[in-house]
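Just below is one structure, and these are the notes that go with it.
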Amino acid sequence: MNFTIPAPFTAIHTIFDVAFTTGLDSMLETIQEAVSAPLIACVTLWIIVQGILVIRGEVDTRSGITRVITVTIVVALIVGQANYQDYVVSIFEKTVPIFVQQFSVTGLPLQTVPAQLDTIFAVTQAVFQKIASEIGPMNDQDILAFQGAQWVLYGTLWSAFGVYDAVGILTKVLLAIGPLILVGYIFDRTRDIAAKWIGQLITIGLLLLLLNLVATIVILTEATALTLMLGVITFAGTTAAKIIGLYELDMFFLTGDALIVALPAIAGNIGGSYWSGATQSASSLYRRFAQVERG
């Protein structure tokens, strides 16, 4: 049997990466163009009002200047496409992955995960097809057991790949809506939304670090042990023994898969994005800075 897609994981990763990159880059430009003019007008008016209040003594001079500087920096990031790309997008799409790669235990680049999964898929499929040819068409029990073992293996590979691929896609999605979210940082009532957005980006960065540490070890271990396990299965005496060996192979992959699937929850707890108290901490920190400025 010839596969329609020789390297399915690499192909799917490339297709989704190109689709989301193209679509979200276009959406980012549209968002920045839409908010640019009204935001600049509103901020200009706000700065004028802030200046009047400072002159009249209704707002502390140091506090007023600090607010104007903060708002100016945020607006520059939102309306300036080059600024947003250089200081926000490049940090989470380039700087963070390069930094995370330095902590690799195996030396296996995280970007090669789809290719590694393709190799595992191709090698196991060859053995599965060989065993399938040994099962008689009337042997329903062996057919059912064989199909179960095959689907379990598919599930473990695809779930691990899904966690890996979701990191890159969700990073692009969060960065694409960034200008809209950062507008909320200007206003006191919506500042917590921007804090949560930053928290989610930090969480994804932590998840990328955990994947680089755990997923690369798991996949490299699976690829190393796979040849030996498939050799034992292939030379088993009976077809039934080979099918049992396939389930033992599934158990091995399920163990590694459980480690990878648990990583998003671990990253979320470390990053604090799942904690209801996270935004309260951000607000409390902001109030402390405000008190220092007034003092």
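Glycine residues also receive a Cβ, built from the backbone N, Cα and C atoms like all the rest.
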Segment assigned the feature transmembrane segment in Swiss-Prot (from 121-141, 226-246): 226-246
CB contact flag for the transmembrane segment (167-187) and the transmembrane segment (226-246), at least three pairs under 8 A: no
Long-range Cβ neighbours of the transmembrane segment (68-88) (under 8 Å; 6 or more residues past either end): 28-29, 32, 35-36, 39-40, 43, 46-47, 50, 175, 178-179, 182-183, 185-186
